[in-house]
Amino acid sequence: MRTMVRKLPAILVAVLLALAVPLVVAGDPDMLQDICVADLKSLQGPLRVNGFPCKRPENVTADDFFFGGLAKAGDVYTGNPTGSSTMAADVAALPGLNTLGVSMARTDYAPWGGVSPPHAHPRATEILFVAEGTLEVGFVVTAAEGRTNRLLSRTVSKGEVFVFPRGLVHYQRSVGGVPAVAVSAFDSQMPGTQAPAAALFGAAPPVPTDVLARAFQTDAGVVETIKSKFTPK
């Protein structure tokens, strides 16, 4: 009993410290002022920060907080092997988002098979709203019920919502007879997008062919054929 009494204050301190720590860790740092419109021109100079420097307040206009790019449907047919097209409303397109920790994107899909290939957003969770059509969506969890790399997938129809946790590989595919449209929201002004296929087979300098051959348990010729499909950017 005496031992429990002596330990109780330490336990209370630990609980209070745990309660004092924020339970939600944001993808972007919290803002410290009303606005900080990204000064994209300064990127040509020596200044580099985790984000973008601010425009001088007197140079800020309402247009810094406006972007009309999501109003127009993307071309999912012309020279488009995936049958999908994405337009991002992130800080690069909408400077007023700087330090606000949010962004959006519109993705259009061709009927019956237009796909947003497997990819991940390293800095953001994505919540997807289907505005038109029907999508099959899914993401791969690293561990669940003792299994690794488990796919969680389902169909999402017009008016419905699906969430992709931050950093997990996911995809969307149109499964209806009409074009599909989805609008995504992210908890980062620059969520980032990394597609495993492009990252591995289109990297510059290239990932060594023998590394990929061993990783995918195939031969070098197959790897080189796949690499030829991805032009380094």
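Sequential numbering from 1, following the chain as shown.
Positions of Cβ are set from backbone N, Cα and C atoms, glycine also.
Note: TrEMBL annotation is automatic and uncurated.
The Mn(2+) binding site annotation in TrEMBL covers H119, H121, E126, H170.
Look at TrEMBL and you will find H121, E126 tagged as oxalate binding site. Other Cβ atoms within 10 Å of the Cβ of H121 (Mn(2+) binding site) number 25 in total over all chains.
The Cβ of C36 (disulfide bond) lies under 8 Å from the Cβ of F52, C54, N98, T99, each of these being in the same chain and 6 or more residues away along the sequence. Among the features that TrEMBL reports, disulfide bond is placed at C36-C54.
If you look up TrEMBL, you'll see 77-224 marked as domain 'Cupin type-1'.
The signal peptide annotation in TrEMBL covers 1-26.
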Fewest Cβ neighbours within 10 Å, where candidates are the binding-site residues H119, H170:
H119
Counting only other Cβ atoms and using a 10 Å cut-off, which of the recorded positions C54, E126 scores lowest?
C54
Cβ within 8 Å of the Mn(2+) site centroid (H119, H121, E126, H170 excluded): which residues?
A120, F139, F164, L168, V169, P191, T193
